[in-house]
Structures are given as C-alpha cells and as structure tokens.
Amino acid sequence: MTMESMSFADWLPVIFIGLMGLAVLIYAVLDGYDLGVGILLPMDASDESQRDTMIASIGPFWDANETWLVLGVGLLLIAFPSAHSMVLMNLYIPTAIMLIGLIMRGVAFDFRAKAAVDHKLTWDRTFKIGSLLTSLTQGYMLGQYVMGFESSWSAQLFSALSAIGVTAAYSYIGAAWLILKTEGKLQRRAVHWTRLAGRAAFVGVVAVSVVNPLVNPGVFDRWFTFPLVMFALLVPMLCFLAFTANEILLRRLPKVDDRHCWIPFVNVLLVFLLCFTGLAFSFYPEIVPGKLDIWQAASATESLQFILVGAAIVVPTILAYTVFSYRVFRGKATELRYH
Amino acid sequence: MLDTLVLSRMQFAANISFHILFPTITIALGWILFFFKLRFDQTDNPVWMRAYRFWVKVFALTFALGVVSGITMSFQFGTNWPGFMETVGNIAGPLLGYEVLTAFFLEATFLGIMLFGINRVPSKIHTLSALIVAIGTTISAFWILALNSWMHTPAGYEMRDGVAHVTSWLEVIFNPSFPYRFTHMLLASGLTAAFFVAGLSAYRILQGDPKLAPRLALKTGLVLAAILAPVQAFVGDLHGLNTFEHQPQKIAAMEGVWETERGAPLLLFAIPDEAQRTNHFEIAIPKMASLILTHELDGEIRGLNEFEGNHPPVKPLFFGFRVMVGMGVLMLAVAWTGCYLLLRRRGELPVWMLKIVVAMTFSGWLATLSGWYVTEIGRQPWLVTGVLPTADAVTPLAPANVGFSLTMYLLVYVVLMSAYIHTLRVMARKSVKVEEFETEAPQAGGKLTNVPDATEEGAA
C-alpha cells in the first residue's frame, strides 16, 4: 500500500496505532516512575520516613498514571479487537498476575496511610511486592509479545530477561524521579540507585536489542537495509549517548543549589522514547508480530470515526490538565496531607 | 467439573460484584463532598470542613479500591469474552473508550488535586476540583450504563455478516432502557452513600465522639436518604414498566408468573419450582401485580411458559427482587424515622436509633447487588438480548487457567474487603479522639488546622 493510494478509512488504523502507541509510551514513563519508586522502597525499620517521602512524591499522580494503561488497553480493544483477544488470551496468566500486582499496590497506597500504625509496614511490603510483580509481568509480557507468544525454553528465557530489563528500566526512571523530587539524604541515595539501575537497564536494553533482530528475521531486514540503516542506527546511538551522559552526570550529583537535578529524569525519558521508537520501528505495521497487521485487526470504520472525534478533542484536554496537575505539585515532595 | 463458561461467568460476576460496591459509594459521595466543601466556602463554618476532611479520606480509600478492581474489568473482555468484542465490539468499544477518555482521566487527575492540593491551589480551584471529580464519576456511570442498557435493549444497529454495525449513535446511547437504568443507578448510589455516611457517623457518635462534624454528616445522610428513597420507589416502578415492555420474560420471573394471566396476584413470598413450573407456599395479594405493571386490575401479564427454554432462571430473580425491594422499604422507614427523631430531639438521636443506623451502613450494597443480579441474570441466556447468547462469547481457554485466576481474585477480594471494613472502623475510632480547633479560612500556602502537627489526624 503506498501513501498516495490510501483512503481515509485506510488511515484510521494508522492514526489509532499512533494514539495507542502514545498512550503506551506515556504509561511506560508515568507509571514506570511510580512503579520504580515502589520497587526501590527501602524496607529497614529506620527507613520509614524515607518511605513516606518516596510515596508522597507519587501520591497525587499514581492514579492518573495507571489510567494510561486503561487507555492503551482500551484503544487496543476499541480499534483492534481481534488483536486484543489474541494478545490477552495468549497472555492470560501473566495478565492475571499483573492485575493482582496492580491491585496490591493501589490499595496498599491508601491503606498504609489510614491503617493502624502496626499494619503500616505490612502495607509498605505489599506496595513494594505489588510494584515488583507488576513490572516483572509487564516485562515478561513484552518478551512474549516480541517472541510471538512462543512457549519454547529459549522464548521463556528471553521473556525472563525482558522481565528483568523492564524492571530495571522502571527502577531507573523511578530513581531519577526521586532525584528530581527529593532532597538531602534520600536524594543522595536516589543518585546511587539511579546509577545502579541505569547500568542494569543498559544491559537489558542491549540484550533485547541484540536478540530481537536475531530471532525475528523480518526485524533484522528492516533494521539493516540500506539506506534506512543510516537513520535506524541513529536510534541506538542516541540511546547510548543518553545512558553515558547520565553515567557521567550522576557522579557529580547532587550539585550546589540542586542544579541539574532534573537532567537525569529527562535523560531516562529520552532512553524510554528511543527504546519505544526502536520497538515500534521493528514491528509496525504489524500489531501481533508475524500474525496480524493493523488493517486486518481494525474494527469498523464508522466506529473508529466516532471515537476519533472524541479522542481528537479529549486527548489534548487530558494532556493539558495533566500538565496543570504536575504544575500544581511541582517542586520537592512534601508530606501528603488531605487538608 | 466446572467448564470454562461457568468459571468465566463466576469470575465476571465476582469481579463486577466486587467492583460495583465502590463506585456505588463514590459516585454519590463525590457529590456529598462537593456539598460539604461548598457549604464551607459559603458559610465559613469550620464544622463543614471537618466533615469534609474525614470523608475525603474515606473517599480516597474507596476510590482506590474502585480503580484497581475496575482495571481488572477492562481486561476481562479480551481474556474471557472474546466473542463479545468480535460481535458487538463496534458498539461496546467506543462506549468504553468514551468512558476512559471523558471520565477516568478527569476523575483521576483532579482527585490528586482534591486530595492533596488544598494548600497548593486557591480554595475556589479546590472546590472546583471536587466538583470535577463528582462530575467525572457521574460521566463514568453514564457511559457504562449506556453500554449495559444497550446489551439489555439493543437499538440503533444492524447486523452485517454476524457483526453489529452502528446505524445511529444516539439510538445506541439513548436506547429504550437507558434513561431508567441510569436514573435508577444514580439514585441507588445516592441511597448507598447516604446510609454509608449516616452509618459511619452514627458509629462515631456511639463511640463517644462529642464533636459536631459527625452529627452534621449523620443529618446530611439521613435527610438525603429520606428524600431519595421515595423518589427511588417511583423511578424503580418506571424502570419495571420499561422492562415489562422490552423484557417481559424477566418480569415474569421476578413476579413468579408461570401462566399468562389477567389480574395476576402480587406474591409477597413463594418458592418457585422450575422443575414442576409452579410456586409453593404462596402468600399473595390478589390482582396487585397486574395493577402495578399495567395500572389495571385485570391487566395481562405474560407468563414464563410462553418463553419456555428461553427465559432466565427463576429463583435468583424472584428472591433477588424481593431482597432489593425489601431493603428499599427498610431504608425508607429508617430514613423517615431518623429524620422525625432528629426533628423531635433537636439533632440528637437516641442510642437505639443510632444502632439501627449503624446496622444499615452497608444496606445500599445489599440492595444494589441484588438489583444488579436481578437485571443481569434476567438477561440470560443472552449476553446481548437477541444478538449474542452468553455461551457463544466465551473464551476457548482451558478451565484450569480460568480456575486459577478466579481463585486468585477471590482470595484477594476477601483480604481486601476485610481490610477495607477494618480500616474504616480504625479511621472512625481514630477520628473520635482527635481534637480540632479550626477557626480560619483555608489559604493557598497556609495551614487549615492551626494546630500543632502532633495532634493532626492521620496525615498520609
């Protein structure tokens, strides 16, 4: 299909995969940092005040962050129903475990603040375990998706690697978020965490990038076909640059007057964006690798049109009031009060 | 051995029953909170603020449970009911999509400001956030009930190659049963929240709380319930008439009418027997069912035998309906008695009445659940009336997989429910002991309480 011959009806699935990609990317970044904060939660008895601050830093946001997952899955359901069924039926058990993880951390967040003092530690543990469970299963599902839902041991191994990689990446962005939102002792700790998680995430990204084209011949061709290869290789190079820049900067943080405390987060953001671009570039226009492309999976044109009208108005509005909310809560995290 | 269909139905029922409990509270509690905050803005009376502060925490907790149990729902369609999206995805998809786009983000984002932003934004913006959250929860109910009603009374579509395609979105959204079901559910939420607020406040008073805030909340809850209960009876009747027109087999099962008859009696009690297709131990008021449903003493009600093999199971509908109506009558009686006593005794309820109100704390849950069971089981054997049988939509997954996820969900739900109730009780008890001296209006950057940090209640 060439661009000129495409009708509006042909463009609709492209628009929706773009919207869905946007939702998934925003989800990975936003829920990524709050899952990461959950994973990093230190569990010593002496760490309680640091746990309070860490959780306070994500308090006003986590709820809306998770909504991006609902939107991403929702768009898959609305625009590509057959892909939705295929993906979720293949990932039935990991999906159920991820949902349990999301439930655990969501309620733990609220229970910890309101429960009797003797239960607070239990809820903090629940929060940490729930965050970890969610990240691991998401990474596992990503691996399975890339491997075309194979159940061979090599596919399982790759999915396990991807599970650890995604968990490291979430910890990376979570730690960078903490550098931005905290100060003093906790901030220094966060700098340390960011360095460790950054290295782990780097290994994960490299591993996934190497294995992906090796096991998927289509992906290999796409990345290494001249002249696109010049552009394509820009993505991993920039990604490497962002990792390196962070590595160098983190040695010098925190600086006087808290200068540059926001740069690690922006760098990680860049890493996420580039990894996402890489994945999208590997598979577009296939929505289930090797099985289904977006035109085969798309729902009826009139339904897509109906929802597009709403999305065109509402998505910018959502972005606007999300920005408003982040402005309201800008600056260092303070103790959460309901009044 | 249970098959995938039964297990998937059980899992869906478990998920949605657990989920609906929390939105049923938060839809109306959002409006009650907005009312508290608005009254505070208007009157500067700090008691409103104290009531707001206690209830906003309860709201946050309830809302969180609603969110996490709701995320599960959005996955259920794909995991367990692929046939649903394959057949009616063109209709269900956009309606669900609009719920996410117009409601979820609105409530989730402004909830952050509503809960934690009072010192960071001007009071007016904060009140506006509370209003937006309330509107968001209501919009959410609007879309989800539009879809649910469409599954009961589909309209505005045509079938092409076994797939539903939309011909008119207005007819899809405002399908015949939607206005009644939506209103009925909003009122149910109002009653549930009213008794929830009144019940927990009465509990605080019984625990020896001398403060004004729980009394104000108790009064708000009881007055709201006293107003809504009779309105609900009226709307429920209209909803029943609408069902009678579009789903007569559901009404026949609710009323336990086997043979088509004129002047059908209203059964106060009976035990329907589906094997022998008759009722045992009937206690009946002659001609009342016909009068209620057709507004004529000898109006005709079509019996279940006309729909043999194509009607829902009778027992759950028959008893579910009676539990719902019974709870409604009880709520009306308690709310009116409570208001009467409040008037007579200048705002204080006697201990026995407080105990009754505490016992009614979760009465709304019972009524709402039984009502939903009646209407949802009443649609069987269809998933979408006349379009898609439930059995055709289910996943081809192995029963073991569904059994595994169902067990996990049930375990988690039991733990969460006990934690929720326990935490509500802890919060109520904690608030009894907290001393509050609020004298000044809230300001951006200022503190509301003017008390030392040590005495502030449960800072999160």
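Placed from the backbone N, Cα and C atoms, the Cβ positions cover glycine too.
Feature annotations, reproduced from TrEMBL:
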type	residues	note
TRANSMEM	B:12-34	transmembrane segment
TRANSMEM	B:54-75	transmembrane segment
TRANSMEM	B:95-118	transmembrane segment
TRANSMEM	B:130-151	transmembrane segment
TRANSMEM	B:182-204	transmembrane segment
TRANSMEM	B:216-235	transmembrane segment
TRANSMEM	B:319-343	transmembrane segment
TRANSMEM	B:352-374	transmembrane segment
TRANSMEM	B:402-421	transmembrane segment
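Below 8 A, the CB atoms of the transmembrane segment (B:130-151) and the transmembrane segment (B:12-34) form 3+ pairs separated by six or more positions in the chain.
Here the transmembrane segment (B:12-34) has long-range neighbours at 52, 55-56, 58-59, 62-63, 65-66, 69-70, 72-73, 76, 80-81, 114, 127, 130-131, 133-134, 136-138, 140-141, 186, 188-190, 192-194, 196-197, 220, 224, 364-365, 368-369, 372, 406, 409-410, 413, 416-417, meaning same-chain residues at least 6 beyond its ends whose C-beta is under 8 angstroms from one of its own. Listed stretches B:182-204, B:319-343, B:352-374, B:402-421 were compared with the transmembrane segment (B:54-75); the greatest number of C-beta pairs under 8 angstroms is found for B:402-421.
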